[in-house]
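Here is the structure we will look at.
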Amino acid sequence: MARKKSSGLKITLIVLLAIVTIIAIALVAILPTKTPAVELVSTIPGKCPSAENDRLDEKINCIPDQFPTQALCAMQGCCWNPRNESPTPWCSFANNHGYEFEKISNPNINFEPNLKKNSPPTLFGDNITNLLLTTQSQTANRFRFKITDPNNQRYEVPHQFVNKDFSGPPASNPLYDVKITENPFSIKVIRKSNNKILFDTSIGPLVYSNQYLQISTKLPSKYIYGLGEHVHKRFRHDLYWKTWPIFTRDQLPGDNNNNLYGHQTFFMSIEDTSGKSFGVFLMNSNAMEVFIQPTPIVTYRVIGGILDFYIFLGDTPGQVVQQYQELTGRPAMPSYWSLGFQLSRWNYGSLDAVKEVVKRNRDARIPFDAQVTDIDYMEDKKDFTYNNKTFYGLPEFVKDLHDHGQKYIIILDPAISITSLANGNHYKTYERGNEQKVWVYQSDGTTPLIGEVWPGLTVYPDFTNPKCLDWWTNECSIFHEEIKYDGLWIDMNEVSSFVHGSTKGCSDNKLNYPPFIPDILDKLMYAKTICMDAIQHWGKQYDVHSLYGYSMAIATEKAIEKVFPNKRSFILTRSTFAGTGKHATHWLGDNTPSWEHMEWSITPMLEFGLFGMPFIGADICGFVVDTTEELCRRWMQIGAFYPYFRDHNAGGYMPQDPAYFGQDSLLVNTSRHYLDIWYTLLPYLYNLLYKAYVYGETVARPFLYEFYEDTNSWIEDLQFLWGSALLITPVLRQGADRMSAYIPDATWYDYETGGKRTWRKQRVEMYLPGDKIGLHVRGGYIIPTQQPAVNTTASRKNPLGLIIALDNNAAKGDFFWDDGESKDSIEKGKYILYTFSVLNNELDIICTHSSYQEGTTLAFETIKILGLANTVTQVQVAENNQQTIIHNSFTYHASNQSLIIDNLKLNLGKNFTVQWNQVSLDSEKIDCFPDNNPENKQNCEERGCLWEPNSAAEGPRCYFPKQYNPYLVKSTQYSSMGITVDLELNTATARIKMPSNPISVLRLEVKYHKNDMLQFKIYDPQNKRYEVPIPMDIPTTPTSTYENRLYDVNIKGNPFGIQIRRRSTGRIFWDSCLPWGLLLMNQFIQISTRLPSEYVYGFGGVGHRQFKQDLNWHKWGMFNRDQPSGYKISSYGFQPYIYMALGDGGNAHGVFLLNSNAMDVTFQPNPALTYRTIGGILDFYMFLGPNPEVATKQYHEVIGRPVKPPYWALGFHLCRYGYENTSEIRQLYEDMVSAQIPYDVQYTDIDYMERQLDFTIGKGFQDLPEFVDKIRDEGMKYIIILDPAISGNETQDYLAFQRGIEKDVFVKWPNTQDICWAKVWPDLPNITIDDSLTEDEAVNASRAHVAFPDFLKTSTAEWWATEIEDFYNTYMKFDGLWIDMNEPSSFVHGSVDNKCRNEILNYPPYMPALTKRNEGLHFRTMCMETQQTLSNGSSVLHYDVHNLYGWSQAKPTYDALQKTTGKRGIVISRSTYPSAGRWAGHWLGDNYANWDKIGKSIIGMMEFSLFGISFTGADICGFFNNSDYELCARWMQVGAFYPYSRNHNITDTRRQDPVSWNETFASMSTDILNIRYNLLPYFYTQMHDIHANGGTVIRPLLHEFFSETGTWDIYKQFLWGPAFMVTPVVEPYSESVTGYVPDGRWLDYHTGQDIGLRKRLHTLDAPLYKINLHVCGGHILPCQEPAQNTYFSRQNYMKLIVAADDNQTAQGYLFWDDGESIDTYEKGQYLLVQFNLNKATLTSTILKNGYINTREMRLGFINVWGKGNTVVQEVNITYKGNKESVKFSQEANKQILNIDLTANNIVLDEPIEISWT
């Protein structure tokens, strides 16, 4: 039944409907005049489409205002096709609706045919039967058509700039043609060049009635931008059946389609990747809605006026926008000061509150230019008044702003109160307006319309009335006489009313209730505004409503012209219309503090750029509701790149000006940072705004304007550009420190580092921590800059600069400068204009216009050039083509390839040329002849390298040619967890002949183990090579995620290289893209990398002169040898770990090469580093930090965190090599006790043994076991020495050797059962040593053959444990073991006959730079070909594992010690390798009693802290040579703060123990060791922390103060943890010491007083018996009263040193266990307490309570230092719920409070609270 009716309807429609015309430009219709013709096409009247031809996505809704029914659809003469769950219209137009075109003869693009209405029913009544179509070819790029009623004048927008009566001749050669279809009428606009239809109304009918106009157009592209004002969320329009109402409304933005403040009917569309684009503008101010559907089709539904369309064609999107602005008016040129940061708030409440905001932001050095006040400054919110009570003194405040170079902006609302002033006086503003009849009137035209806004009952100025303009101008002028404001903010001008329509309501008529109401908010025309039948000079409110803000902006501009003659000033408006930007700027209204609103601010910023309002921004941090610190911080970052930059929020919510968050808060710091960048870039922004004013260019720019050839750029709207050259990537997600960012197809440089990014035309994950925003400069552009200041008044006086970002060695830019405020400076030519260009290392600075004389005092003083691949050694400058002059003030940074030229004086108004060279320096050359063979030209050239004898003495004379690289990339495979790259030998490099033949095929594996750690290894995939058999603690499966990684890895193909970049800064920290950056041979491996910084630390086992590495061509060999440490001498340890601190905020990373073969590393100054090793593979681990201490912790996590020593081991240790008997030791012990010198541990060296045989006791020491038992009973501990070498020449049973033979534990010759015999300390039995023999003769005559245990074997560990346990149980007790000579050391070379059996292993083709380099690797150790056995049973050459010998001995020794004693114990090892610190401490070897060794010991301690061996120290007073009194005294002072504090020296030198000098020395020793013992709980807590978490105890200053570059070179001071600084004297005859005082509060340990120094070097008083010690404010140190040893001190009262910081806060921790049990932390058998000071309250919090010996945890004393000047009257403690008063004393003048708790019985395992008043 339904189907039958539908069929009948279709037949009826065929008969009744008439078909209208379609317009399009025909390419073939060209008249001889080159003016395109209009092609007319006749069509046959149609009907509803058949089912097969029914395009659902092309249906145009016939019933847009209500839910359709079939009956209603039939009544409208439309087509019914309901579809469930479909957004397509159920009722759509048939193709016989619309108008019929009246034919004309000889049409062209400028013509005026008539249109006649077809017969179908009207939609909303009052159809207009006859219409007039007017078309105009206005320019080659702009086509206009309008449709009007020829019989009745309809409302047309009285725009102040657009000429509605265009009368010019048709454009010749336009880019478009037009095609018209006659019936039904339609029009098409076609691009000539490609026949693409841009605008096609044939998709739907023209509807034209008195109060309803509809037209649809089909578009060629789905990429549409514009229309407003709404929250579109995305810049590219969502085409999925969206309705956007346009009608100005006081409505805050939200997640909806509400119509907002502005009326903007322009949109733009990009057509294809050629950039061709078009725009459409409807000049109509009536309420409307624009409906967009997916085809895409755009339908306009307008309720008044006319249809007046402008179509713009451009070759690029930017051209289209320029053409639109050419029509509607280009934006105003803002005053320079208005570009500065503005602070504002609604409802400060009082002037005092405003003053406080200004003060705190000035104090925080927040640059800002203008203070804004909202309506709360007014009296009762009345315009042109101010509140004499709450804002008393406002004129004086404004003067203060002006005196500080700042401006004052006031708000003015349009609504004028009709009530008197508060004092009863007349409100003159209202009275004068009444007299001049300037108000909006009711429909009678005579009665002012009364509404209600902020002041209460109000009238509304009619700004379209010329009289009103005069009145408004006069009021602004009068008020300026009273308050010297500088700019005006006009608000509420949509126009807004708090009552609907008026206080009387609105009449029931078709203006207030039209037949069709667009989808506006509330669906009521006069909701929150005035009645639509109200009368204005330009017409009825129905027509002109959306022009209210526009007309007010024009009126305000006129007022400004009077108030500030010839000045630009500043006008900010909320409501806008097309062309408003010519008169005012705009902000995005009353937003919400939410992450969504911050994100959504980017799209309208870009949209208003289209609309001709580029000076645009949002309320930073949000307007309504409380913001959050994180949101506000991120918003300040993005806001710094809004063209208009204002922080504004509503009353009743928290303040959100930057300084409110704290003077040193992260928000303030990042805000200041980016404000400084903002002010630095203001010349660039001003230049962009100049080009917007002159040419109509955009400022904040979407990617598609610049990169239209890349379709990815068409949808990007979470990033934006400033002009062409600056890319901004904000963080828009809560809690995020990474943003998925698209990097357009260009060269990009990190703005802050200058480093070149490798990204291009790709999506990347950009790491942006809490204080960072992504900011990148585009290659090929030059950006003008100026040194920032606190405001533009100051900054405009500062020197100018240029940032030149090169692309293919070229760049361009321009610069505009005027006085920043004159109204017509451009029109009058009073400005300076420059163009810049760079080509081939030459910058031309060309002044094209100079008529601003005052500006010529400014000069370009700094030029920064990014992207210079080679070093610059010369810069020349020339003025006005004169002779060039050498300019010497410049710096080239190789790490980021940038050049900074400073101290220039290139004054404005002149032309200049700046030239620079690019050369390859000696410092960049890679040594081609590192081996020990004679280096000369012949040998060099035979190798295939380049010879340059005139190179610097330090640099290589023989070096690799740049164009060669041994390996090429064959294939690359990427995965989410890493990269695998296969490399093949580059045959083109065959002429380079290195020590052996390269391996032809290599494989690189990169593994992204963690977000802050990665590994890459390079090996031979075809032949198994030796790899270090040490397990690393790394995830079985990588745990990193792409989004969260701190690094990016880039594989370069030619030359092959690995680049690793820190995401947060863009800095490349590993870059092996160097000539011969990789070479891998069987016995020679080389890899080179550029370094990002000259601040490099680490590489152990070699003596360094300072902590920071010297990069001036220094080579450091690493190979374990029994060799006392000395400069460049390879010594006991092998530690291939370094970290680098970068010059960008203290970022640091660590690099660890897991390789145990002999190697050397070479630093060179460019800076770069080359590793050369003679075996194994390359296996690198990188740790990203980001600061030095964190990078170190990450390294320790991989190799194993440091061992936790027993508490007693932190006491003082005494030892000597050369004790003759037990009596000598006993006497020493008694003397130490008698002198009350604290000490815990006594040693004996090998002299306690029989003939230096392990596990024996010599004749003079038979009573040693009893002595040891005695002192252990008195709280002491004993440590014995064990050497690895086991004698094999014994005539009596020697069980250690015999059981070793049985267990097969000794190192052998390869493929035999023969032991490789050596000689060390053990003597032959029954031999008398002849003292007249030389050392070598004595070794041959008296030393026994010894065998070295192979500690890599499992059986050896078992044998070793048996020997240790047997000696402990059978002979004597001990508490710790000292393992020495374990490099391993031998007194013969290789074997007892000084011969080895494999030449190439002991004398490899490349011999690293080792001590005795020519003597072979076997010098004073085993032969390299000897064979050892791994735990898995496989054999390995000593050649590969030599450096693991001491490491392999450490764990078996530690395990045996703990098994034997049942206690934690301590092992001290001389030889080390990475991870040895898990089981052993280390001393720095056999040093000399020289002054320089004291300083070297600090370097060694700090280095071994990096290496994960924190329990370390040097032999106090020196091992070799006689010490002297002053040297030993100073060494005792610094040694008291070694983690491992031991006095030790060699036989046949004078005694140097503390009691061996005199009583004064002994007393000094007591005093300094008492300080140590007092601090042991703090020290022990630090040792626990690194055991649990990794890190350092002995800490370089830069680890705590990494952002302070002054700490980066310090190596004669150190920290204990974060809080305790030691500044010793390390020079002879000195009674003062110069130390660095980092930025913080420091309190003298000896006096408790603030030293009042920060961030500077200072000379401190240091007489002989004083060492300078300081505590860092903000920390709490747990202490304990000292005693003779730790057994007794642990029973004394605890105390706290509370060192307050500047804010009277501090924090600290105490870890406490029994001090000796095994794995107390792992078993939870400990106490962990956190202490906090907050002002005058000290609290403790129990974090873990697993230790029960309360006797050791009694809190007796608290010393509060730096407490403030307030005199304390009372101290109370709350403990176990009880509050008590406590005893105290104070030194008020020193800010010291001493609290005595001994009477209160306080135990730390319960929380406490202590407060004082």
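Each Cβ is built from the backbone N, Cα and C atoms, and glycine gets one as well.
Features of the protein shown, as given by Swiss-Prot:
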TOPO_DOM  1-12  topological domain 'Cytoplasmic'
MOD_RES   S7  phosphoserine
TOPO_DOM  33-1813  topological domain 'Lumenal'
DOMAIN    46-95  domain 'P-type 1'
CARBOHYD  N388  N-linked glycosylation site
CARBOHYD  N669  N-linked glycosylation site
CARBOHYD  N791  N-linked glycosylation site
CARBOHYD  N896  N-linked glycosylation site
DOMAIN    917-962  domain 'P-type 2'
REGION    992-1813  region 'Sucrase'
CARBOHYD  N1221  N-linked glycosylation site
CARBOHYD  N1289  N-linked glycosylation site
CARBOHYD  N1326  N-linked glycosylation site
CARBOHYD  N1432  N-linked glycosylation site
ACT_SITE  D1486  active site, proton donor
CARBOHYD  N1521  N-linked glycosylation site
CARBOHYD  N1558  N-linked glycosylation site
CARBOHYD  N1703  N-linked glycosylation site
CARBOHYD  N1772  N-linked glycosylation site
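Around the Cβ of N791 (N-linked glycosylation site), a 10 Å sphere holds 22 further Cβ atoms from the protein chains shown.
A gap of 28 Å separates the Cα atoms of N1289 (N-linked glycosylation site) and D1486 (active site, proton donor). Using CA atoms as reference points, the recorded positions N791, N896, N1221, N1432, D1486 were checked against N1558 (N-linked glycosylation site), and the closest is N1221. Considering only the recorded positions N388, N1221, N1326, D1486, the residue whose Cα is spatially closest to the Cα of N1521 (N-linked glycosylation site) is D1486. It is 64 Å from the Cα atom of N896 (N-linked glycosylation site) to that of N1221 (N-linked glycosylation site). The two recorded residues, N1772 (N-linked glycosylation site) and the residue listed as 'active site, proton donor', show a Cα separation of 54 Å. DSSP places the residues of the domain 'P-type 1' (46-95) in helix, strand and coil in these numbers: 12 helix, 5 strand, 33 coil. Rounded to a whole number, the C-alpha distance linking N1703 (N-linked glycosylation site) with N669 (N-linked glycosylation site) is 18 angstrom. Of all the recorded positions in the list N669, N791, D1486, the shortest Cα-Cα distance to N388 (N-linked glycosylation site) is found for N791. For the pair N1221 (N-linked glycosylation site) and N669 (N-linked glycosylation site), the C-alpha distance works out to 66 angstrom. Neighbour density around each Cβ, counted as other Cβ atoms within 10 Å, peaks among the glycosylation sites N669, N896, N1521, N1772 at N896. The DSSP secondary structure for N896 (N-linked glycosylation site) is coil. Under DSSP, the residues of the domain 'P-type 2' (917-962) split into helix, strand and coil as follows: 10 helix, 6 strand, 30 coil.
Ranking the glycosylation sites N1289, N1326 by other CB atoms within 10 A of the CB puts N1326 at the bottom. Counting every protein chain shown, the Cβ of N1432 (N-linked glycosylation site) has 7 other Cβ atoms within 10 Å. Taking N669, N1326, N1432, D1486 as the recorded positions under consideration, the smallest Cα distance to N791 (N-linked glycosylation site) is found for N669. Across the fold, the C-alpha of N1432 (N-linked glycosylation site) and the C-alpha of N1326 (N-linked glycosylation site) stand 41 Å from each other.
According to its DSSP assignment, N1772 (N-linked glycosylation site) is in a strand.
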